[in-house]
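Down below is the structure, laid out as structure tokens.
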Amino acid sequence: MLFISATNTNAGKTTCARLLAQYCNACGVRTILLKPIETGVNDTTNHFSDVHLFLQDNRLLDRSLTLKDISFYRYAKASAPLIAQQEENQNAPIDTNDLIQRLQNFTKTYDLVIVEGAGGLCVPITLEENMLDLALKLKAKILVISHDNLGLINDCLLNDFLLKSHQLDYKIAINLRENNAAFHSVSLPYIELFNERSNNPIVIFQQSLKELMSFALK
């Protein structure tokens, strides 16, 4: 199982998760995309949320899948899951133990299960647990997606420090847009220096699909 998080919201988790799953499936690795918690959605009027896109891809493998099969807690408020849950369904806290059981059931059917978190690793799910806690309970490998803008160095290093301190199996990958010429002169020079000294280098997502698939499967 691979848990995909990000250095912050809007870093491109969903885009990268879909690209990686498409690559894996093209290589013969049956891969499903799950997003157990999604906020800021209205399924009545918006059929293009992250989970709707996941469902579209997943149905190439199993036409019987529904939205509720791959996303279990859905909230209209665009906020941390804890805040959305307390405002919209105060008497029904998110049950992470139930989440884990439902997510792990997919490992019986698929070669690779990709689980996308909401926001970054420290986003609260309950008063006691955050996204990192969920990944730890799942015993999943972790892929953190970074944006490619100014500030990515600090964001990547903070996540690297957090994950390294927990002695986890993780990779950090930069979601590099085609039109971001500034990245190569502003941020890449330090990333290259960091990688020379690190035994867990930061990679460019678009250039590393084969490596990331191998990481997820090992």
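Keep in mind that glycine also has a Cβ here, set from the backbone N, Cα and C atoms.
Listed in Swiss-Prot for this protein:
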| type | residues | note |
| --- | --- | --- |
| BINDING | ASN10, ALA11, GLY12, LYS13, THR14, THR15, GLU116, GLY117, ALA118, GLY119, LEU176, ARG177 | ATP binding site |
| BINDING | THR14, HIS52, GLU116 | Mg(2+) binding site |
| ACT_SITE | LYS35 | active site |
| BINDING | THR39 | substrate binding site |
**Request:** Compare the C-alpha of GLU116 (ATP binding site) with the C-alpha of each of the recorded positions LYS35, THR39, HIS52, and give the closest one.
**Result:** LYS35
**Message:** Using a 10 Å radius around each Cβ and all protein chains in view, which of these binding-site residues has the most neighbours: ALA118, LEU176?
**Reply:** ALA118
**Asked** When the Cα-Cα distance from THR39 (substrate binding site) is computed for each of the binding-site residues THR14, HIS52, ALA118, LEU176, which gives the smallest value?
**Response** ALA118
**Item:** Cβ-centroid neighbourhood (8 Å) of the Mg(2+) site, THR14, HIS52, GLU116 excluded
**Value:** LYS13, ALA17, ARG18, LEU33, LYS35, GLU38, SER49, ASP50, VAL51, LEU53, PHE54
**Asked** When the number of other CB atoms within 10 A of each residue's CB is tallied over all shown chains, which of the recorded positions LYS35, HIS52 has the maximum?
**Response** LYS35
**Request:** Please list residues from the chain of GLY12 (ATP binding site) whose Cβ is under 8 angstroms from its Cβ, counting only those at least six apart in sequence.
**Result:** ALA6, ILE145, HIS147, ASN175, PHE205
**THR14 (ATP binding site) to HIS52 (Mg(2+) binding site) - Cα separation in whole Å** = 11
**Request:** Compare the Cα of the residue listed as 'active site' against each of the binding-site residues ASN10, ALA118, LEU176 and report the nearest.
**Result:** ALA118
**Fill in**
For HIS52 (Mg(2+) binding site) and ALA118 (ATP binding site), the CA-to-CA distance in whole Å is 15
**Asked** Of all the Cα pairs drawn from ASN10, ALA11, GLY12, LYS13, THR14, THR15, GLU116, GLY117, ALA118, GLY119, LEU176, ARG177, the residues the record ties to ATP, which distance is largest, in Å?
**Response** 22
**Prompt:** What does DSSP call the residue listed as 'active site' in the simple three-state scheme?
**Reply:** coil
**Complete:** Three-class DSSP assignment, THR14 (ATP binding site), comes back as helix
